[in-house]
Every structure is written in C-alpha cells, then in structure tokens.
C-alpha cells in the first residue's frame, strides 16, 4: 500500500508539467483505476494538491508543507535505513515508541518520526521541547553486531553524520560537544540520546534518538532556553523543508554506520575531532565529587574523552559532568 | 586448542565458581588457576575485590576513578558484610566502564533495594558511558542481598554491582 503510493508520487512528480493518464498509472502500478482514485484522495489528505481532468489524467500541482510518511519516504535513497518507517503527527516520545517496536521485534534500520512530541525527553528524563512542525524528532532502531561497551561510539558516529548533513544541506558549520550535543556558535541546535538493551556481551538493540531544532524562530524557543538553544532558522534566517534534511541525514547515518561496523571507529574519529567543540580549550570536569580544570585534547579510539590537567597529566573520561564555560580562566 | 577457545575458557571459568581447571589432550596441557582468597574463608566476599580479568586498556584509563575513590567507602561494605554474612551465589556485573545509577532519574526511587525479588529481565540499575544509559538486567531469578556500588560511582568493565541469592 505505502510503496504503491510512493511509486505513484514518483510517477506524477517526474511529469510535473504534464498530466499522467489514469490508464498509464493503472498499467504502471498494476492496480485498477478505481484504486488510483482512492490513492489520489489519500494524497490530498497528506496535503498534496492534485489536478484531475477527466479523460486527460492527473497532475501534482503542489507538494504538501505538512510532513507525512509519503513526503519523508519519497526521495529517500538509503538502502536500508528508514525503509521501514513509522510517522505520527503526534507522539509522547519517538524514543518510547521505538523501544516498544524494538521489543516487538522491529527490524534493524526501523525509523520513528513525529511531527510533535508531547513528552520529548533527553537523558535522565529531562524534557526536550519538541513543538509541532518545528523540528526533526526521530528515533532509529539499530541491531549492531557489537559488544555493549562499543555502543556509545554510535552516538559519536551519529554526531558526525549530523555535522555532515548540516554542512552539505544547510551550509552551516556545526560543532560536537562531547559526547552527544551539536552546537552552532555556542548554542545547542541538536541532541542525541542513545539508549540500549543489552546482555552481558551482546546488544539486543540500540535506539538513537535525535532532536534537531529546525524552524523555530527566536521567540518560539522557550524562554529559559533562549540563552543556550538555537535552531537552523535562527542561524540561517530561512525556513527549511524538514523532509530533505531527514532524507540526507538518514543517508549520512547509514553510510557512517556501515563504515563504523566495517572499519571500526578509527576513521570516523578524525572527522569527529575536526568538528569537536572547544578542542584545545580549558573546561571544568566534575567526576567522583571532585572538580578540576582540564584542557580538551581529543578522543580515544573508543570514543572516550582525553583531557590534560593543570600538571599536564592526561586523563581519560568515560563519564563526567563537564562545565564548558568555566575552565581555567586565569591560567 | 585455539587462542579464541582459551579466551572463551578463561571467561567461563572467571564467571563460574571453579578455582582451578586442568585440561589435557593429545599432548596439549592447559592449566588455569584463579587468584582468589578462598582460603581466607570467613570473608568470602573479598574475592570480589580482587582484580577481575578485564581488558588491560580499560585498566590504564581508569586511573582517575580508582585514585579518587575515598578510603572510607572501601572499608564500609566489608564491615557490613562481616555482620550480616549475606548468603549469595550470583553477581550482577557491569558490561562496560561508566557511571553507576540506581534510579532512572535523580528524583525517582531506586530500581531495586536489598531484599527485593528480581527476575531475569528485571532492570536493576543503569550504567552510563558517554551519555549512553544502559539498563542492566539481573539475568538471574532471585533476591538482591547486597548493593556493592554507590549511586553515581564509576565502575569498571566486569565489576560486580549486586549480589543475588538465586532461586
């Protein structure tokens, strides 16, 4: 059903200036003309404007500005990521639905997208503001053949994919704040929340949640976040069609994932470090109830953060709270 | 015997209660012995404190964590153990280096307390590394008899987190 509709849009979109006859569509798709009529009604519901002239045929006059499964999947040229996709206008959280689907056996590469999240969340159940139509709220189910301790590297690999998408599609330079946030000019534009179900030495599934602020204006960013959050609209002063960004992002994630599973994190690491936020700068590290100044040196092959303390001793961090603005000011 | 098989063997024995293992076949001899303090009997639990067979690179990198561990914390649980001498036969260990959390968020209740019954798939804690929150399942049916790690503490790969009396 869905793939027929996707083919239908493709056929019509190829001939945007001309009408395509019902006869031709019926032959190409191998369905009755009555069925075509039904699909056209469905497309109109999705927001497509279709001009139908009897005995001439159909033509797409306008593409929807409202997101739907069709508008996201039409033009998606990944080989497996997002080929199975769930789109909902409204969800509590894409992450929660993805967990449910994964537990029910959803296949590797399944993607969940919502236009609006009522209970969008970050780590430790912190709220993630996910207004209707303003951003990309998406969760990806992966079943990587890896040991659980390697899973955090998927967060870093996904961050690299977001950076590449922002560079190629939006022409902005994003930076990665270790390990899971994307910044533009000192403000957060996207976050990655990776969650996992694993046994001692086997990953059952990983869910990569991505929240990317796209079309919020400065006023639409909640007041308490205005100092620290931004959107692509604010940075570029134009609105963006989310479908195009999603399609490219999924393509980038698919490619970085394949590279990672085949060759490990090594080559991705260099790309990550090139985009790293505050590399070489001083920050403040909080770990084990102690606070100390540290200089950001880079990341290890396993993704752990390498820092140097004031005595030039190197330390490796897997887990720490970092105060990015207050390190070693007077040194 | 292949290196892979020996590694597998070490892992299995490490997880078992076997202290010593000998294997002989066609001139191949394998002898494995665990470094335990079984002999020092009453505080059997000290076995756990001894270094588990873990990946060496993880050890180096964790200096910050081990150094920072306050002495008091080390001593406390042992004293407790002597009084209660909890009866356990299983341990839940950490599958990765990271921070141990007993609750899903700072203002929620812990997943489990001492005395709670757990099933194979009961979530008992979270270990976080690089902001990845890994819900750890008990992987055993039984009762939690001891929590070995404090909330927010850094844990090593393979480090025991809970002691469980299985059913």
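Positions of Cβ are set from backbone N, Cα and C atoms, glycine also.
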Legend entry - Given ranges A:22-41, A:42-61, the stretch to which TrEMBL attaches the annotation DNA-binding region: A:22-41
Inset, instruction - Would you report the average pLDDT that the model assigns to the DNA-binding region (A:22-41)? - result: 91
Inset, instruction - Could you tally the C-beta atoms, other than its own, that fall within 10 angstroms of the C-beta of residue A:188 (biotin binding site)? - result: 16
Inset, instruction - Measure from each Cβ of the binding-site residues A:121, A:123, A:188 to the Cβ atoms of chain B, and list in sequence order the residues where some distance is under 8 Å, or 'none'. - result: A:123
Inset, instruction - Summarise the DNA-binding region (A:22-41) by DSSP state, stating how many residues are helix, strand and coil. - result: 17 helix, 0 strand, 3 coil
Inset, instruction - Give me the non-local Cβ neighbours of residue A:122 (biotin binding site): same chain, 6+ apart in sequence, Cβ-Cβ under 8 Å, ordered along the sequence. - result: A:128, A:191, A:193, A:211
